[in-house]
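Swiss-Prot has this to say about the protein:
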ACT_SITE  Cys97  active site, nucleophile
ACT_SITE  His220  active site
ACT_SITE  Glu222  active site
DOMAIN    7-238  domain 'Glutamine amidotransferase type-1'
Amino acid sequence: MKQSPKIGILLMEGTNNETEVYYSVKRSGGSPDFIHINDLSAGRKRVSDYDGLIIPGGFSAGDYIRAGVIFAARLGAVAGKEIREFVDDGKPLIGICNGFQVLMEMGLIYDRSKITLTNNESNRFECRYTYMKMTSRNRIFQSGFYGKGVFQVPVAHAEGRIAVSERSVLKKLYENDQVVFKYSNENDVTDEYPWNPNGSIDSVASLSNEAGNVIGLMPHPERIYYRYQAMYLETEKDEVAGKIFYDSLVNYARDRNG
């Protein structure tokens, strides 16, 4: 039997949802472990010891300056080189909501001068269920989501709108298959509010790096791991996004270990 992959959950002051992420990883067969940023700076833990990393949501450092920028700066200072080596090795790095903002600020998904996560079009915090649909063939999540319709997901953010400096950036993202998920209504992808809760260009909800192992998304899969957390399900066999998401991540990390 293959060993449970060790998944590190990166934290600092203001992080939340880490407990939900922890138990989602655990219930999907992984071995989760909290990594406070001070553990990295003190040398108590190293990112290279993990098979996967997750940066959860929250309001790191109170979202001062802008969402994710302080966490990104601190993480880059204490473990930037190690994280880039981790990514270059092909290990999965996931950023959820505030974690997505951190990945963008670190330039781990795309050139941060050409794409950003900015204020919602509504200029307010948006918190509700919506839907997402997989629009890429990302190797981590393809078997769980691709071609299987739309999935309910919770969102909760004020700075989640993906904006690009020019349309050619979006074209490049599509060419490289980096648009992983899009916001949807109960039937298919839509730009309409409130299904697209923030006004993201082309309803983009999730992006990856070119290699496909660094993935950021604004929805919170850890908040819909169980069927009872869904608004409703069409059939008794319907699976929810959270379980599929974490099962896929853990399976991918496990398979990489041989």
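In case you wondered, yes, glycine gets a Cβ from its N, Cα and C as well.
Looking at His220 (active site) and the residue listed as 'active site, nucleophile', their Cα atoms lie 7 Å from each other. When Cβ atoms from all protein chains are considered, those within 10 Å of Cys97 (active site, nucleophile) total 28, not counting its own. The two recorded residues Cys97 (active site, nucleophile) and Glu222 (active site) have their Cα atoms spaced 11 Å from each other.
The sparsest Cβ neighbourhood within 10 Å, among the listed active-site residues (His220, Glu222), is found at His220.
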